[in-house]
Amino acid sequence: MNLCSSGATASTTSLSSTGQAERSGGVPGGGAEGGGGDGGSGNSGGGGKANDGSAEAPTLCFAGGSGTAGAITGSAELTNANSPANGAGGASGFTGSGQQPTGSNGHSHLHNENNANMPPETRPKMVTVKHPESNKPKPTTKKSKPIQADQDVIKALQRCRDEGIKRLDLSKSSITVIPSTVKECVHLTELYLYSNKIGQLPPEIGCLVSLRNLALNENSLTSLPESLQNCSQLKVLDLRHNKLAEIPPVIYRLRSLTTLYLRFNRITAVADDLRQLVNLTMLSLRENKIRELGSAIGALVNLTTLDVSHNHLEHLPEDIGNCVNLSALDLQHNELLDIPDSIGNLKSLVRLGMRYNRLNSVPATLKNCKSMDEFNVEGNGITQLPDGMLASLSGLTTITLSRNQFASYPTGGPAQFTNVYSINLEHNRIDKIPYGIFSRAKGLTKLNMKENMLTALPLDIGTWVNMVELNLATNALQKLPDDIMNLQNLEILILSNNMLKKIPNTIGNLRRLRILDLEENRIEVLPHEIGLLHELQRLILQTNQITMLPRSIGHLGNLTHLSVSENNLQFLPEEIGSLESLENLYINQNPGLEKLPFELALCQNLKYLNIDKCPLSTIPPEIQAGGPSLVLQWLKMHSPYRQM
């Protein structure tokens, strides 16, 4: 029996441009690390493609769907940066936002304003399918079965057949079943079924022999029909967020595939048949339960992006070194014990994600990957890097070695940081920053040395003149050098959890400082020069031994957050009333603070006031319990300066 026999006549309308799938490719797992990064979950599976000039190719967009009619994008994995924000222009649609173009009646349609001036016979075909529920609010109770939606699918398929539609979008439509009549839409090149409730596809899906893009993400699929192998032109297949326990065997026979998304399923293994997909350029197996990646991966020599993050891999095959075109390799959040030496063959590698594994070392052959711009091994057990490795990677701009077991800076001297602008060594066991280590790092703007064992800062700290963010929290620092005054580009300075007894007067030179965190030190007095920090927005002095605030604090006109809790304050200066921007004030747990200045009532923007465990004898308890607005009102009412 021929499943594909029908009386339908294929449309003679042709798609004027090919290669849609190739142009719609992207780097998975964007987020902080891009291709090798820790991207978001990317549950949205929207459509959208670059305008291919095929204005004559009719499109059917189901009104209950997203209204997107283009190549598969969505999530952080495929995004068309050139897509128009308003969705006008027909197929040159969207980036997975789930928005749909609407007409005055709220129905989904595809429209190009330029078509209005075209003769009727030359205008592109447009089909609008009105969903009976499209203008009604979403029900608060879940329907047992969206019968009406399934009926509308039948109508949509009929129009697809009759109108010669090439792109069909049935996404986000509560569909449970795809009718067998889908076989009549043999001219389809793009089919979007994402975000439905489909449990299985009919065998007739294999009749769509012209299909190039197929989006099935965010459904409940556990398998695929064998007939899908007839779709020999299929380029892009999206199966993210389904219930696949294995890679369906039929996929290995789709040798035309260039992009395959299998993210967030229940896959435990990858068959050796993977080697047949030699045209793949992008493969995402992220967020599955895979324990082993076999040697077949080495046959995919055209791969440029491979994402196997968030699995249970302990080893990689040496064959990974055959994938010489890889530019993005994401291995983060696995259980990797080692990285094969063959990784050094990947000379096109730009992003390599190795965060949060069980690595104790990395291979010296990584020196060959000179195109890398980011090196990130956060959350492993590495004690040292191969000699001079970072210096060999001269293109590096970001280095993250946090949460490892480093006892000292990597060997390689100042040369290893020449082009670096961000260094993160948080949560290691480093007790010293070598003198002159940043002498060539003229672009260094961010340094994070939080949670180490530093007892002092290098004498050349004054040469770090381009530093913008400096985090030295949770160390054992006893003194801040006077040369800190030279860091005049500094905006964020974190010194919490140290052993500082005083702050140098030269702190007043840091005129761009926005955040100053001195929590949990042994500070008794703040310098008067603190009032020169006019850009300061957050001043955190919690848990010190401060007995009074300098009157110059009233000059901090941009201050929004002031925390002086858990100190030995005896009073607040009247000048605190000049802090017009102040929103949050923490003065709790100051056992010697018995009264508040009436001038505090001048802080009109104050939203939060914590005075817990302060023996305020002048303000009635019921007023204190009423919150900051009531306290401020009381202060104003009892002020000797009523006119204020």
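Using the three backbone atoms N, Cα and C, a Cβ is placed for every residue, glycine included.
The region 'Disordered' annotation in Swiss-Prot covers 1-60 (among others).
The region 'Disordered' annotation in Swiss-Prot covers 82-150 (among others).
The compositional bias 'Polar residues' annotation in Swiss-Prot covers 99-117.
Per Swiss-Prot, repeat 'LRR 2' is recorded for 187-208.
Across the repeat 'LRR 5' (256-277), the DSSP tally of helix, strand and coil residues reads 5 helix, 3 strand, 14 coil. Sequence annotations record features per position, and here Swiss-Prot assigns repeat 'LRR 5' to 256-277.
Sequence annotations record features per position, and here Swiss-Prot assigns repeat 'LRR 13' to 443-464. Sequence-remote contacts of a segment are chain residues at least 6 beyond its ends whose Cβ falls under 8 Å from one of its Cβ atoms, and for the repeat 'LRR 13' (443-464) they are 402, 417, 419-437, 470-481, 483-487, 489, 494.
Taken through DSSP, the repeat 'LRR 15' (489-510) splits into 5 helix, 3 strand, 14 coil. Positions annotated as repeat 'LRR 15' by Swiss-Prot: 489-510.
Residues 537, 542, 547, 557-575, 609-619, 628, 631-633, 635-636, 638-641, 644 of the same chain sit 6 or more residues outside the repeat 'LRR 19' (581-603) yet have a Cβ under 8 Å from a Cβ within it. Per Swiss-Prot, the feature repeat 'LRR 19' maps to 581-603.
If you look up Swiss-Prot, you'll see 605-626 marked as repeat 'LRR 20'. In the repeat 'LRR 20' (605-626), the DSSP tally of helix, strand and coil residues is 4 helix, 3 strand, 15 coil.
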Write out how many residues of the repeat 'LRR 13' (443-464) are helix, how many strand and how many coil, based on DSSP.
-> 3 helix, 3 strand, 16 coil
So how many of the residues in the repeat 'LRR 19' (581-603) end up helix, strand or coil by DSSP?
-> 5 helix, 3 strand, 15 coil
